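What TrEMBL annotates here:
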BINDING   Gly20, Pro21, Thr22, Ala23, Ser24, Gly25, Lys26, Thr27  ATP binding site
BINDING   Thr22, Ala23, Ser24, Gly25, Lys26, Thr27  substrate binding site
REGION    45-48  region 'Interaction with substrate tRNA'
SITE      Thr111  site 'Interaction with substrate tRNA'
SITE      Arg133  site 'Interaction with substrate tRNA'
REGION    169-173  region 'Interaction with substrate tRNA'
Amino acid sequence: MSLDFRVSDVSLPPAIFIMGPTASGKTDLAIQLCQHLPCEIISVDSALIYRGMNIGSAKPSAAELSVAPHHLINIRSPEDTYSAGEFRTDALVAMAEISARGNIPLLVGGTMLYFKALLEGIAKTPAVEPEIRRQIEREALEFGWPFLHSQLALVDCESAARIHPNHSQRIERALAVYRSSGTTLTEFHRRQQEGKQSSSDDCPYDVVQLAIAPADRKVLHRRIEKRFHSMIEHEFIDEVISLRAEYSLHEDLPSMRAVGYRQVWQYLAGELGHEEMIERGIIATRQLAKRQFTWLNGWKDVHWLYTLENGLLDSSTENAFGGLAPRELALHFLQRFTPKSTN
């Protein structure tokens, strides 16, 4: 007996996305789906890629990983940067390998820029001369990244509006593109949307996109607060101390700008007291969730799984599944990927 799949008319291999705000139950849902479908999980999370960043990133536990191994976690040092383009390349390789084994790639996470890059490709921007980057870095040392952010706003106000004044990597990229080409990063992105540069930009999979979140935003906020306190109780601060001792880190690295890590770093630097660190960490996590909702509210072709405080499905949105576990509705949306027996 062998397995095949009830696939749609398109002759593309299947793939599943599970998206959602932080603390919404994505990992639990993914692990449960792995028990019903021949899936392998690929992490779509800009913090989980880093080795040693376990507590503050809510990385799956050893027990969870033993049940459902994850691809694309622990693949970089926290000293490294990692772009959406690198993620796209790595994810497509992992997806191809999973499909070749007869399994379904199950991509799970909340880094929406990575999902976007995977679906739409990366805008092809011009190569930047190293001297231009060095000049920007010299200016940053002299004037600071907020000043360079204000300079970016003068030439590319749309990019500046999307980028935090202290997000050095993105500010440098946007300024470098403009200074190299005379064209803004916003304009490059606009051209990409108006006409895809090649069909290879598209994600070559038949994708079903799921999003999970509590129906009541207050429920999510309570989960976020509870989880952050739990991280502190489980030695999150000691984790950051160990990272600082083992690696050559600074506060502007993407790893240390991650939500939670930034606030603990500021606490260890004496910039925040203990209670203020916790309060700011919770607020920053809520703001992250809000940004993730903003992405998802404009997302196309996504099936929502709204849950209650007890984690079961909200009956007001999907009456037939109300009160059931989210996996039941997810499996309903994934019927065409359900294995069937053949002789």
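Glycine is no exception: its Cβ is also placed from the backbone N, Cα and C atoms.
TrEMBL does not curate its annotations; it predicts them automatically.
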Here the recorded positions are Lys26, Arg133; which one has the lowest number of other Cβ atoms no more than 10 Å from its Cβ?
Arg133
For Ala23 (ATP binding site) and Arg133 (site 'Interaction with substrate tRNA'), determine the Cα separation and express it in whole Å.
37
Just counting, how many other CB atoms are there within 10 A of the CB of Thr22 (ATP binding site)?
21
As a test of the contact definition, list every same-chain residue at least 6 positions from Ser24 (ATP binding site) whose Cβ is closer than 8 Å to its Cβ.
Gly110, Ile212, Ala213, Pro214, Leu220, Arg223, Thr307
Counting other Cβ atoms within 10 Å of each residue's Cβ, which of the binding-site residues Gly20, Pro21, Gly25 comes out lowest?
Gly25
Tell me the Cα distance separating Thr111 (site 'Interaction with substrate tRNA') from Gly25 (ATP binding site), rounded to the nearest angstrom.
15
So for Ala23 (ATP binding site), how many other CB atoms are inside 10 Å of its CB?
24
Mind checking how the region 'Interaction with substrate tRNA' (45-48) divides into helix, strand and coil residues in DSSP?
0 helix, 0 strand, 4 coil
